[in-house]
């Protein structure tokens, strides 16, 4: 905006200089009026923007001061406190639990919590823990049975539940597990398996099952044995086929071809133009076509100029 204002002012100065030379020019007069209006509008906009910036700066200062005055509240949790802990390995929601142990120092503290609705234990950081509402805390403290579940550890052997637990039901949330444990079918087994997770129940149930070893067949099929002669025959089969085809062609060529009903058989290649003679020096080439090789040979002609002079 400031650069535009400077440009408008410089243009107005040029127009005023030209008007001094030609004061009766109407176009320059109109241009001068337009530039003056533009300059006034831009100045008003600049003033408004400066005022807005001041207000925002003051508001931000007030906000920062107010923020600094309110100090963040840090709650130091200790073992035995009732809190709302997040089920990190499950549905990532908060459930009522009790802190059993604290490890680490400062921001790296780790809290070992035991959920009240189900007996699994997890180790989480401070960001996964929040204070429990006062009403809910008083309600849980008044109910002694819930507190006993999280503090007592039974050494009696675990009894199998009356109904089989499916694998899909083990991956449900703690609230679903609590509702299932409160059903009439599971009440008798919940008191015994209060501190044992469903995964441990299934593992113990599988360990009690009898181990079944595979029964070998009474009459196993005989292993096919390949002798050396069979291998040799397989390797010689292609060679034998090739030799048989060669022999059949040789027999056909030796037998010859009949020219007529009573005619003599002619061997294949007997009347061929490419057939070489039976003599030892016989050879085949495009010039003699099977004639006997001659002893003479063609020499290169050399021109003799003296023969021309004598003539």
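Yeah, the Cβs are placed from backbone N, Cα and C, and that goes for glycine too.
Taken from Swiss-Prot, the feature compositional bias 'Basic and acidic residues' applies to 301-311.
Confidence annotation: the domain 'Tudor' (76-139) carries a mean pLDDT of 86 in the model. Annotation comment: Swiss-Prot describes 76-139 as domain 'Tudor'.
The annotation phosphoserine is assigned in Swiss-Prot to 173 on the grounds of experimental evidence.
Residues or ranges marked as region 'Disordered' in Swiss-Prot: 154-183 (among others).
Residues annotated as region 'Disordered' in Swiss-Prot: 276-311 (among others).
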Residues of the domain 'Tudor' (76-139) by DSSP state, where helix covers H, G and I: 12 helix, 29 strand, 23 coil
Counts of helix, strand and coil residues, the compositional bias 'Basic and acidic residues' (301-311), according to DSSP: 6 helix, 0 strand, 5 coil
